[in-house]
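Some features that Swiss-Prot has for this protein:
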ZN_FING   10-27  zinc finger
BINDING   Gly96, Asp97, Pro98, Gly99, Ile100, Gly101, Lys102, Ser103  ATP binding site
MOTIF     252-256  motif 'RadA KNRFG motif'
REGION    351-453  region 'Lon-protease-like'
Amino acid sequence: MAKAKRMYGCTECGATFPKWAGQCADCGAWNTLVETVVEAAPSGSGRGGWAGQQANLKTLAEVSVEEMPRFTTGSTELDRVLGGGLVDGSVVLIGGDPGIGKSTILLQTLCNLASRVPALYVTGEESQQQVAMRARRLSLPEDKLKVMTETSIETIIATARQEQPRVMVIDSIQTIFTEQLQSAPGGVAQVRESAAMLVRYAKQSGTAIFLVGHVTKEGALAGPRVLEHMVDTVLYFEGESDGRLRLLRAVKNRFGAVNELGVFGMTDKGLKEVSNPSAIFLTRAQEAVPGSVVMATWEGSRPMLVEVQALVDTSHLANPRRVTLGLDQNRLAMLLAVLHRHGGIPTYDQDVFLNVVGGVKVLETASDLALMAAVMSSLRNRPLPHDLLVFGEVGLSGEVRPVPSGQERLKEAGKHGFKRAIVPLGNAPKEAPAGLQVIAVTRLEQALDALFE
């Protein structure tokens with residue numbers, strides 16, 4: 001038997017080194033090297049590529065290109081995040097905080113899929129009785145889905161080859177181990193090798209696999225960063241565990257758009273998809289309040305209306321506070337400087353708090369104009385109309401720049417009964433949606449004047 005060799009692997013990029021160091025020489029990350037045991041694989045161990053032991057060489061012209069077949073999961077929101085459905089042979093990694101609903105949504109999906117295609121649910125964290133209890137509590141169909149409690153990757157793959165499921169769930173990848181390594185499950189080497197064997201099996205058999213991944217206290221997926229590079233799709237489940245809304249976001253997708261967002265609501269019968277998220281994120285209070293404005297953000301392939309709230313108050317600190325929830329804090333500091341320079345509105349003695357209602361994260365620059373409108377409304381203590389929509393990027397010289405998909409954003413506003421919209425001139429349509437007055441601006445000063453007409 002080959003002698004085991006101790007190496008140090010980086011949890012971020014997967015690089016290995018013979019000695020420990022404070023910084024990874026490959027990716028530059030600090031304090032990411034952990035000790036692993038590397039064993040020489042015996043000859044003929046079957047560690048070949050997806051095409052087998054012999055290389056398969058073709059020119060691009062010789063490769064037949066066909067549209068990747070997809071099949072629906074039964075959930076419109078999940079299909080949207082996946083890019084239109086599940087692709088045969090794809091590997092999807094889904095991560096999120098404990099209790100956010102990762103196992104729930106996958107159990108619901110597989111129970112519904114099992115009535116149409118063979119499905120296998122593999123759990124290393126729960127017993128079969130616990131999975132059955134959860135399915136009955138959610139009133140899910142139980143007669144078709146096969147459940148297996150196992151943590152050995154060799155046993156899991158052998159069972160999958162025998163059952164030949166079209167869809168399989170591994171809950172979770174951190175509990176799975178390979179007998180070829182002596183390290184404990186959840187280690188860098190175990191997670192990497194187990195995931196590699198699952199990816200290889202998925203590509204060879206055409207089975208679509210969902211992997212559940214744990215997250216660290218910083219919110220990143222636990223284990224080696226190479227895990228995210230190996231899979232086809234990476235999804236993150238976001239939201240407060242004690243809240244009602246759950247947001248499923250695609251941060252990597254080889255078969256669809258990234259940053260695609262699916263919205264779900266947690267009920268006593270599990271996760272229910274929200275087909276009209278704009279209606280959920282708009283509070284529509286009885287009376288207009290200062291500091292509140294609605295913007296149209298773009299998530300993946302669809303527009304979504306969200307409410308931005310600002311609170312500006314006199315600061316008693318030497319350095320006024322700048323707090324954001326769902327928005328970029330550095331961009332807020334920049335926009336406040338632009339507001340002072342080109343709008344003549346100083347905030348150096350004011351605390352500024354910003355929040356996006358519903359826990360949505362808005363990272364695109366189309367939120368600039370709405371952010372500044374909310375700050376102005378709170379600072380002057382003057383409410384903005386309920387039926388006003390604002391979006392646009394603001395540059396350092398005070399110009400208002402157009403943003404992508406402006407027409408679709410305006411159509412979404414028109415569907416929800418908005419009457420006025422302040423937008424960049426480049427996004428002004430030739431013919432506005434019925435009932436919507438579009439005010440096109442090119443400068444920040446024009447936008448501020450239009451806000452309080």
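Using the three backbone atoms N, Cα and C, a Cβ is placed for every residue, glycine included.
Within the chain, the motif 'RadA KNRFG motif' (252-256) has long-range Cβ neighbours (under 8 A, six or more residues past its boundaries) at 68, 70, 81-84, 87, 90, 228, 231-234. Reduced to three states, the DSSP call for Lys102 (ATP binding site) is helix. For the binding-site residues given as Gly96, Pro98, Gly99, Gly101, the lowest number of other CB atoms within 10 Å of the residue's CB is seen at Pro98. On the 0 to 100 pLDDT scale, the region 'Lon-protease-like' (351-453) averages 93 in this prediction. The Cβ of Lys102 (ATP binding site) lies under 8 Å from the Cβ of Ile94, Gly95, Gly96, Asp171, Val212, Phe237, each on the same chain and at least six residues away in sequence. Around Ser103 (ATP binding site), taking its Cβ as the centre, 21 other Cβ atoms fall within 10 Å, counting all chains. Across the region 'Lon-protease-like' (351-453), DSSP helix (H, G, I), strand (E, B) and coil residues number 37 helix, 25 strand, 41 coil.
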